[in-house]
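Structure record follows, encoded as structure tokens.
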Amino acid sequence: MANVVVVGAQWGDEGKGKIVDWLSEQADVVVRFQGGHNAGHTLVVGEAVYKLSLLPSGVVRPNTLGVIGNGVVLDPYALASEIDRLAGQGVTVSRENLRVADNATLILSLHRELDALREDGAPGTKIGTTKRGIGPAYEDKVGRRAIRLMDLAEPETLPPKIERLLAHHNALRRGFGLEEISEQTILDELTGIAERVLPYQDTVWRLLDDARRGGKRILFEGAQGALLDVDHGTYPFVTSSNTVAGQAATGSGLGPRAIGYVLGIAKAYTTRVGEGPFPTELHDEIGQRIGERGHEFGTVTGRKRRCGWFDACLVRQTVKTSGIDGIALTKLDVLDGFDEIRVCTAYDIDGQRFDHLPASQAAQQRAVPVYETIPGWSGTTAGARSWADLPAQAIKYVRRIEELIGAPVALLSTSPERDDTILMHNPFED
């Protein structure tokens, strides 16, 4: 019996929510291990639709424990708001179904403000952040000046920690010509939310180790996608954390040998939100058609996603950098009815052929996709639940993707409904 890590194999928005929800039915514990409330996902459970940004998917499922690990940066007010929103939908979040790492870094209002100032004040060099303070909070974590969840339980220790934090942030604010923030303002912000979030704190690394030793099935839920990884993504147009599967260990406190099966999620085409290179992006009516059929708008921001053909080079890179054992291929039904479908198999950069996207930002901008054209299919894949339900050419398309990325398709999703899934291999039974 394996534990399972779910990671996005592209630039996020791959449909992880549905796959995690489908897998969480078999899991005892669901763990968030990186990111913050900057990436959302939609869960469809029966007739109910839940939109989560910070809470693990397990909290909406009975008898499943949701865990927010130390690798997550936590906005305590966003957490309280999301808990209240679920309560309005009839889902009670308590210590019985949610624990938060006591050493998780907190996102404060000054982080959100700094994030927005940088993004709005950088014409032509925007990264495409959600302005929710994720990056600045990670900066403070690495700079060893962050306020952590456990600090709220010891209010008498907060003043010197706030003083250290503001020594940095007020210097930045002076540079922006902004009024400095007082220590009392931050203290009030922290003490005002403490009683809402402290009941969930726990020593998560020990909790997860006990669960593992007790034979519990643990599902690690990644946010964003591996191509947004701060090291392995299209830097600097990336998120502020590691999003590859290895972060599941670091961001939860569980040893790397306990991670188990790595399931990568990839769309049957490619999308991206915000700025950054996108070799297969389509600016024509085909790209518009894919976006409209796939309802490609961000869960958190509502931003329109950029759309393009499937990029086998990028997913193949992700298979290697995340150690992916199998792929869940989503939104195959969006490609129904295309006469032909193109897949990027290599790049041409200044006359030289590359089988991967170089780390150089300049080279990425000059990368021209080399395509293989595959016949489309006239039948429908929407709602298919077995191979027998799929058009023959759709099966050929899936098999060709497997060959190009060097990993098998373990699950195939054919609609947003959780049961419209074709299972080839159950990751928990690896």
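Cβ atoms here come from the backbone N, Cα and C positions, even for glycine.
Features reported for this protein in Swiss-Prot:
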ACT_SITE  Asp13  active site, proton acceptor
ACT_SITE  His41  active site, proton donor
BINDING   12-18, 40-42, Arg305, 331-333, 413-415  GTP binding site
BINDING   Asp13, Glu14, Gly15, Lys16, Asn38, Ala39, Gly40, His41, Thr130, Arg144, Gln224, Thr239, Arg303  IMP binding site
BINDING   Asp13, Gly40  Mg(2+) binding site
BINDING   Thr299, Val300, Thr301, Gly302, Arg303, Lys304, Arg305  substrate binding site
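Among the recorded positions Asp13, Lys18, Leu332, the residue whose Cα lies closest in space to that of Arg303 (IMP binding site) is Asp13. Considering only the binding-site residues Asn38, Thr130, Gln224, Gly302, Gly12 (GTP binding site) has Gln224 as its nearest partner by CA-CA distance. Cα of Asp13 (active site, proton acceptor) to Cα of Gly40 (IMP binding site): a span of 8 Å. A 10 Å radius around the C-alpha of Thr414 (GTP binding site) takes in none of the binding-site residues listed as Asn38, Gly40, Gln224, Lys304. The Cβ of Thr414 (GTP binding site) has 25 other Cβ atoms within 10 Å, all protein chains considered. Across the binding-site residues listed here (Gly12, Gly15, Gly40), the residue whose Cβ sits among the most other Cβ atoms within 10 Å is Gly12. Taking CA atoms as the reference points, Lys18 (GTP binding site) and Lys304 (substrate binding site) are 20 Å apart. The binding-site residues listed here are Lys18, Lys304, Arg305; among them, Lys18 has the most other Cβ atoms within 10 Å of its own Cβ. For Asn38 (IMP binding site), the spatially nearest entry among the binding-site residues Gly15, Gly302, Lys304, Arg305, Leu332 is Gly302, judged by CA separation. Of the candidate recorded positions, Gly15, His41, Gly302, Arg305, Leu332, the one lying closest to Thr130 (IMP binding site) when CA atoms are compared is Gly302. Overall, the recorded IMP-binding residues Asp13, Glu14, Gly15, Lys16, Asn38, Ala39, Gly40, His41, Thr130, Arg144, Gln224, Thr239, Arg303 cover a maximum inter-Cα distance of 35 Å. For the pair Gly40 (IMP binding site) and Gly15 (GTP binding site), the C-alpha distance works out to 10 angstrom.
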